[in-house]
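Since the structure comes first, as C-alpha cells, the remarks are kept for the end.
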Amino acid sequence: MKFQIDKTDGNARACTITTAHSVIKTPIFMPVGTVGAVKSLDALDLKEILDAKIILANTYHMFLRPGSKIVKEFGGLHGFTKFDRSFLTDSGGFQAFSLRTNTKNDDDGIHFKSHIDGSLHYFTPTSVLDTQYDFGSDIMMILDDLVALPADPKRVKLSIERTIKWAKKAINYHLQKRESGVGLNQNIFGIIQGGTDENARKFCAQSLCELPFDGLAIGGLSVGETNREMYDTVEAVMPYIDSARPRYLMGVGTPEDIVENVERGVDMFDCVMPTRNARNGTLFTSFGKINIKSARFIHDDTPIDPCCDCYTCKNYSRGYLNHLYRAREITFYRLASLHNLHYYLHLVSDIRTAILEGKFLEFKKDFYSKRS
C-alpha cells in the first residue's frame with residue numbers, strides 16, 4: 001500500500017491511498033457490505049453508479065456464513081462478490097461485542113456463540129488474520145478488546161492492555177506470513193482503544209505507533225458516548241497518531257460527524273447509517289434529512305434533493321419514492337440506498353476539494369448554514 005498526503009488545511013487532510021485494487025482519495029467514506037454485499041445493491045451499482053473505490057465487509061458474519069474457505073474457493077472477496085476494487089475487513093470483534101451472543105473476552109481472545117446456529121467459536125489475534133487472508137481483503141483490521149461506554153476505569157485499563165498485547169501478536173504474525181508469501185498485497189491496521197480516557201488513548205496510540213502497521217484506527221467510539229465526548233477524544237488522541245499513515249475512525253457516522261472529525265485529522269470512515277436510514281425512509285440532503293414516508297410527499301413531483309445529481313434524483317420523484325415505500329416495494333431500498341450513499345460519497349469528495357483549495361473552514365460554515 002502506498003500513502004501520500006496531498007494537502008493539509010489546518011488538521012484536515014486530503015490524501016491518496018493506493019492498494020492492489022484501487023486508488024482511494026481521502027477523506028473517504030466506505031459503504032458497509034456486512035455479508036459481502038451492500039444491502040440492496042450489487043457490484044455494478046457500486047462501481048458504475050456510485051463509483052465506490054473501497055467497501056467494508058464483516059469478518060464475523062462472513063466467517064460464520066458462508067465461511068472463509070468457501071470465499072477463498074471463489075478467489076477471495078473480489079472474486080466472490082465481483083467487486084474488484086478495494087475491500088476493508090474488520091476483525092469481527094465489534095459484532096461479537098454488539099450482538100452479545102454469550103460473548104466472553106479473555107486475555108487471549110474472544111469466545112462467542114453464533115447468532116445463526118448457536119455454535120461456539122473463539123477469535124484470537126492470529127485466527128482473525130487467517131480468516132482475512134482467505135478473504136484476500138486489501139486492508140485487514142486486528143482483533144481489539146472493545147468496551148461499552150461509559151466504562152469503569154479498570155475495564156478501560158484492561159482493554160488497552162489486551163489490545164496492545166493482541167496488536168503485537170497480530171503484527172508479528174503478519175510479518176511472518178509475508179515472509180512465507182502470504183498476504184503480500186494485504187495491509188494491516190492497528191486499532192486504538194481507551195474509551196473516553198485521554199491518557200489511556202494516548203498510551204494506546206503511542207504503543208501502537210511503535211509497531212509497523214500500515215494504518216491506524218480509532219475504535220471504541222460511537223458506543224454510548226455523546227458527540228462532544230467523541231469529538232474531544234479524537235482531538236485529544238490525534239497528536240499521538242503517526243501522521244505518515246492513514247487514520248481511520250471506525251463506525252462513524254453522521255454527516256456532521258464526518259465534517260467534525262475530518263477537521264480533527266481523520267481520513268477514513270464507515271457506517272451503516274446511509275443504507276439503514278434509507279431502508280427506513282430517511283434520506284439525506286444538502287439541507288438536512290427528510291422522511292420520505294411522510295404524507296406531505298404524496299403529490300411531490302420534485303427530486304429528493306434539487307442539488308443532487310445521483311441516479312435516483314435524476315430519474316425519480318419524491319412522490320414515486322413515497323409510493324414505493326408505502327407499497328413496501330423492494331425497489332425502494334435500492335433507489336433510496338443509491339441516493340444516500342451518493343450523498344455520503346459526494347460529501348467526502350466535496351470536503352476533499354475544499355481542503356485542496358484551502359477552503360475547508362468555508363465549506364464547514366456553508367455545510368452548517370444549509371441545515372439551520
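Keep in mind that glycine also has a Cβ here, set from the backbone N, Cα and C atoms.
What Swiss-Prot annotates here:
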ACT_SITE  D90  active site, proton acceptor
ACT_SITE  D270  active site, nucleophile
BINDING   D90, S91, G92, G93, F94, D144, Q193, G220  substrate binding site
BINDING   C308, C310, C313, H339  Zn(2+) binding site
REGION    251-257  region 'RNA binding'
REGION    275-279  region 'RNA binding'
Using the centroid of the Cβ atoms of C308, C310, C313, H339 as reference, list every other same-chain residue with Cβ within 8 Å of it (recorded Zn(2+) site), in sequence order. P303, I304, D305, D309, Y311, T312, K314, L338, H342, Y343
Restricting to the same chain and to residues at least six past its boundaries, which positions have a Cβ under 8 Å from a Cβ of the region 'RNA binding' (275-279)? 31-32, 38-40, 289, 333, 336-337, 339-341
Three-class DSSP assignment, D270 (active site, nucleophile), comes back as strand
Spatial neighbours of the region 'RNA binding' (251-257) far in sequence, C-beta under 8 Å, 6+ residues away: 94, 219, 221-223, 227, 230, 269-271, 273, 284, 343-344, 347, 367
Taking each of D270, C308, C310, C313, H339 in turn, which of these recorded positions have a Cα lying within 10 angstroms of the Cα of G92 (substrate binding site)? none
Of all the binding-site residues here, G92, G93, G220, which one's CB has the most other CB atoms within 10 A? G220
Reported mean pLDDT - the region 'RNA binding' (251-257): 96
Could you tell me the maximum Cα-Cα distance in Å between the residues recorded as binding substrate, namely D90, S91, G92, G93, F94, D144, Q193, G220, rounded to a whole number? 15
In the region 'RNA binding' (275-279), how many residues does DSSP call helix, how many strand, and how many coil? 5 helix, 0 strand, 0 coil
Within 10 angstroms of the C-beta of D144 (substrate binding site), what count of other C-beta atoms is obtained when all protein chains are considered? 30
Looking at the binding-site residues C308, C310, C313, H339, which has the shortest Cα distance to G93 (substrate binding site)? H339
